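Sharing a structure below in structure tokens format, with a few things to ask.
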Amino acid sequence: MKAISALLRRNRFLDELLSIEGNAKYCILTLPFQMIVYSLYTPFASLYMKELGLSDSQIGTVVTVGLISQMASSFIGGMVTDKIGRRKSNLLFDAVAYVTSALLMAVAHNFWYFVIAQGFYGLFQASNNAWNGLIGEDCEPDKISLVFSGLQVIQLLTTFLAPIAIFFIDRYDLVPTMRVIYGIATVTISMKILLLYHFDHETEMGKRRMAETRDIPLYKMFAGYRGVLGIIFKTPATFLLLAIVIIANVITVVCNNFFSLYISNTLGVSDAVVGYVPLVRAAILLLFMFGVQHWINSLPYKPVMIIGLLIYIVGFVSLILARESLIGLYIYIPLEAVAYAFVMPRKDALLTLFVDKHDRSKVFGMLYVIVLGVSAPFGSIIGALSDSNQVYPLILVILLCVLGCLLVLFGRSDLRQGETEEAPAAAGEL
């Protein structure tokens, strides 16, 4: 073990990552128990539903139910986390969101199993609230970015295990393989939850918020959101931020839920090839992380967002043209990964840096309620469009990307105001 540790510490990034202590350390160490199985079932989830008889519009409805559940859990998550603490909230919501939903997916036989499973799964937004508190509240400020980089690397590396699922799908078919993977997920994710609860500790902020809210009923805590909408809509560039996040959410819905259906049903790509797409994507993203991501982060937000959205447009057009030649698919895969590297990290950075610093947790919660509330119908809309013609969702997301480019290009530059007021040290990164 000492020899392995010494070898790993030769890399500066890994050396710094191994030096992390406290809750952040255990969040990193336990994450593979969840991400390994996640990487095995995610590429095939929509195909699994399709194989069990769901139409594209029904799959869209399942997605919408999940988004509505996320919206509700975003609203209540912060209050429950303050009330019972980060540790217990993470334990509770992780168990309900991940374990219960995986168990239902393992035994699913029709549309209603998936609807109920997604209803439970959407509660992960409340779990994320508590988990982010565990990671960041007691972590040294200069190590927070390192922690999240480590978490992202783990997520990307586990993607390379997808060939395991491909092997068993080829050997035993899709449905029985997915049932076993979801069954294993209930065990490994339970292990992750229990191990983290055993090793972590309540944060100082968590203890303080528990003390402050001990005698306050939950219904009175809801009243604290009364003025949050006013705060949101008085914050400079809030409408632009909301538009960017909503467009990014819809792109994610299409890429995560309907891409595999499109290339399987319309392009005739086999299930095995579908499983290799996330692997190629992860390899490209890792190259970006260790190569040019730092340079991208040094650019102003407008060119980064516009370039990223334009790359998405070219990628989706290539995917439409792939009906004539699979070369379009081979062009799309790297373009989507590059576009993601431009748009998604910058979207998260904008939200973090330019949301009003007062009542930030409440503002964040309400922002995501609004974003998910607007995004939720798109699951059903995209599903209905896909039932009519599987190209239509791609056309819709292209139009939204064009709208995003126009909003960023001609939108007010109020983000610069937030930059100078709240994040002078990060000015070069945006």
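Just so you know, glycine gets a Cβ as well, placed from its N, Cα and C.
Where the annotation comes from TrEMBL, it is an automatic prediction and has not been curated.
Copying in the features that TrEMBL gives for the protein in this structure:
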DOMAIN    1-416  domain 'Major facilitator superfamily (MFS) profile'
TRANSMEM  26-47  transmembrane segment
TRANSMEM  59-79  transmembrane segment
TRANSMEM  91-124  transmembrane segment
TRANSMEM  144-168  transmembrane segment
TRANSMEM  180-197  transmembrane segment
TRANSMEM  240-263  transmembrane segment
TRANSMEM  275-292  transmembrane segment
TRANSMEM  304-321  transmembrane segment
TRANSMEM  327-343  transmembrane segment
TRANSMEM  363-385  transmembrane segment
TRANSMEM  391-410  transmembrane segment
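For each feature listed, report its degree of burial, its nearest neighbours and the pertinent distances within the displayed model.
Counting same-chain residues at least six beyond the ends of the transmembrane segment (26-47), those with a Cβ under 8 angstroms from any Cβ of the stretch are 17, 20, 59, 98, 102, 105, 131, 134-135, 147, 150-151, 154-155, 158-162, 164-165, 169, 174, 178, 181-182, 184-185, 188-189, 191-192, 195-196, 199-200, 256-258, 260-261, 264, 271, 274-275, 277-278.
Within the chain carrying the transmembrane segment (144-168), a Cβ under 8 angstroms from the stretch's Cβ atoms is held by residues 13, 16-17, 20, 24, 27-28, 31-32, 35-36, 38-41, 43-44, 135-136, 177, 180-181, 271-272, 275-276, 278-279, 281-283, 285-286, 289, all 6 or more beyond its ends.
For the transmembrane segment (275-292), same-chain residues at least 6 beyond its ends with a Cβ under 8 Å from one of its own Cβ atoms are 39, 42-44, 149, 152-153, 156-157, 159-160, 162-163, 165-166, 169, 259-260, 263, 333-334, 336-338, 340-341.
Non-local neighbours of the transmembrane segment (363-385) in the same chain are 55-68, 70-71, 74-75, 77-78, 125, 129, 225, 228-229, 231-232, 235, 241-242, 245-246, 249-250, 253-254, 257-258, 351, 355-356, 392-393, 396; each lies 6+ residues outside the stretch with a CB under 8 Å from one of its CB atoms.
Here the transmembrane segment (391-410) has Cβ contacts under 8 Å with residues 240, 243-244, 247, 250-251, 254, 258, 262, 266, 301-302, 305-306, 309-310, 312-313, 316-317, 319-320, 323, 381-382, 385 of the same chain, all six or more residues outside its ends.
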At a threshold of under 8 Å on Cβ distances, which of 59-79, 180-197, 240-263, 304-321 pairs most often with the transmembrane segment (91-124)?
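Comparing 59-79, 180-197, 240-263, 304-321: 59-79 has the most Cβ pairs near the transmembrane segment (91-124).
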If you count every Cβ pair below 8 Å, which range out of 180-197, 240-263, 304-321 shares the most with the transmembrane segment (59-79)?
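When the Cβ pairs under 8 Å are tallied, 240-263 comes out ahead.
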At a C-beta cut-off of under 8 Å, are there same-chain residues at least 6 beyond the transmembrane segment (240-263) that contact it? List them, or none.
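Sequence-distant neighbours of the transmembrane segment (240-263): 42-47, 50, 56, 59-60, 63, 67, 269, 273-274, 277, 305, 309, 312, 319, 322, 329, 336, 343-344, 347, 350-351, 354-355, 367, 370-372, 374-375, 378-379, 382-383, 386, 390, 393-394, 396-397, 400-401, 403-404, 407-408, 411-412, 414-415.
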Under 8 Å between C-beta atoms and at least six residues away from its ends: which parts of the chain pack against the transmembrane segment (180-197)?
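For the transmembrane segment (180-197), the sequence-distant neighbours (Cβ-Cβ under 8 Å, at least 6 residues beyond its ends) are 26-27, 30-31, 33-34, 36-38, 40-41, 87, 90-91, 94-95, 98-99, 102-103, 105-106, 165, 168.
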